[in-house]
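Before I ask anything, here is the structure I am working with.
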């Protein structure tokens with residue numbers, strides 16, 4: 001997430017590292033300078049700090065995000081709050097635009113106010129800022145965070161910004177105060193799986209008009225029933241506690257092909273490849289860290305899937321637009337749509353940064369343990385969004401920052 005409408009990095013030319021792999025630090029000071037996800041150029045994620053002095057934290061920061069979360073190293077904290085919004089499950093009018101070579105963002109229209117308040121975790125009220133979804137260069141490895149070296153095809157981010165105009169509480173975090181200063185953002189991260197079963201046929205243009213306006217016959221993804229009748233357990237009302245067996249890939253096996261789970265690009269785990277959990281049911285299945293006690297049920301987010309499919313396919317979002325020439329697409333959604341069921345909202349939390357320049361180190365991350373499944377068509381549509389003037393799409397370089405190596409303390413709401 002970024003607070004800026006960035007230029008396109010190609011507008012100012014492309015730089016390459018010298019023979020020693022070093023990029024020259026520019027004298028630029030703009031905070032909306034363009035950046036890239038192409039790892040071979042000086043505008044890419046390994047060299048963001050050289051683009052502008054405003055981006056210096058990207059290179060020397062001590063709490064940079066994303067990170068690989070090691071579940072058994074995370075510290076359990078009692079009385080961490082449930083993740084709830086005020087007003088509860090409010091449907092918002094949002095506008096989504098093409099963000100060039102970055103993830104399209106669903107931003108609330110003026111007058112739309114929704115807050116998250118996390119007592120016992122951080123002071124202050126945080127106002128919904130945007131929803132966006134990150135993807136990778138490959139279909140399997142698109143999440144920015146990983147857990148025990150394991151990635152998922154996408155990661156949704158719900159971004160909240162401290163509303164200092166109406167709520168004057170300081171943004172102090174109650175996690176031990178490892179870092180000075182305040183957390184101006186709360187970002188909720190959700191690991192997104194992809195699947196085919198239960199998502200219906202691809203919506204046509206006429207259906208998309210109704211979907212984007214908030215009309216849907218099965219709009220029940222925001223309920224809480226254990227048996228799926230009211231909601232967070234999929235639109236078919238039958239996935240609840242009697243549904244599928246947690247994180248068993250798209251076809252009920254361990255991972256996409258029933259092999260070693262979601263183990264990165266080539267069956268390895270993480271940006272540097274290890275063997276991690278080796279295809280067991282991991283943290284989202286019945287055999288997670290502690291069996292049933294804090295297991296997960298993978299929600300099929302059918303309604304959200306159709307919203308994202310329709311939005312990413314729409315020409316206003318899919319076609320490349322220069323800054324200042326964007327056309328907004330109106331979309332009705334609720335920020336709870338990407339989240340797991342309320343009873344399964346176990347999470348990891350740590351003090352980190354924005355994952356795009358200027359990499360500001362003022363983010364409290366709330367990363368959901370349990371995964372959510374969307375249709376495979378969502379991933380296809382997002383990867384086909386144009387990010388470049390020549391029609392090159394987001395599939396080429398993705399929109400994920402590599403995991404960062406700095407050491408931060410991670411806490412968790414579950415044992």
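Glycine is no exception: its Cβ is also placed from the backbone N, Cα and C atoms.
Note that the structure is predicted; figures quoted are calculated from it, not measured.
Look at Swiss-Prot and you will find 132, 134, 157 tagged as Zn(2+) binding site. What Swiss-Prot records for 355, 356 is substrate binding site, and it gives similarity to another entry as the kind of evidence. The compositional bias 'Basic and acidic residues' annotation in Swiss-Prot covers 207-219. According to Swiss-Prot, the feature N-linked glycosylation site maps to 27. The feature region 'Disordered' is assigned by Swiss-Prot to 201-297. Annotation comment: Swiss-Prot describes 225-290 as region '27 X 3 AA approximate tandem repeats of G-X-N'.
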Expressed to the nearest Å, what is the distance separating the residue listed as 'N-linked glycosylation site' and residue 356 (substrate binding site) at their Cα atoms?
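The Cα atom of the residue listed as 'N-linked glycosylation site' is 20 Å away from the Cα atom of residue 356 (substrate binding site).
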Between the Cα atoms of residue 132 (Zn(2+) binding site) and residue 355 (substrate binding site), what distance do you get, rounded to the nearest Å?
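Cα of residue 132 (Zn(2+) binding site) to Cα of residue 355 (substrate binding site) measures 12 Å after rounding.
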Given the binding-site residues 132, 134, 157, which one has the fewest other C-beta atoms within 10 angstroms of its C-beta?
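132, out of the binding-site residues 132, 134, 157, has the fewest neighbouring Cβ atoms within 10 Å.
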Around residue 27 (N-linked glycosylation site), how many other CB atoms lie within 10 A of its CB?
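There are 7 of them.
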For residue 134 (Zn(2+) binding site), name the DSSP secondary structure in the helix/strand/coil scheme.
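Once the DSSP labels are grouped into three classes, residue 134 (Zn(2+) binding site) ends up as strand.
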Whole-number Å only: compute the distance from the Cα of residue 157 (Zn(2+) binding site) to the Cα of residue 355 (substrate binding site).
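Between the alpha carbons of residue 157 (Zn(2+) binding site) and residue 355 (substrate binding site) there are 10 Å.
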Given the binding-site residues 355, 356, which one has the fewest other C-beta atoms within 10 angstroms of its C-beta?
356
To the nearest whole angstrom, what is the C-alpha distance linking residue 356 (substrate binding site) and residue 134 (Zn(2+) binding site)?
11
To the nearest Å, how far is the Cα of residue 134 (Zn(2+) binding site) from the Cα of residue 355 (substrate binding site)?
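Here the two Cα atoms lie 10 Å apart.
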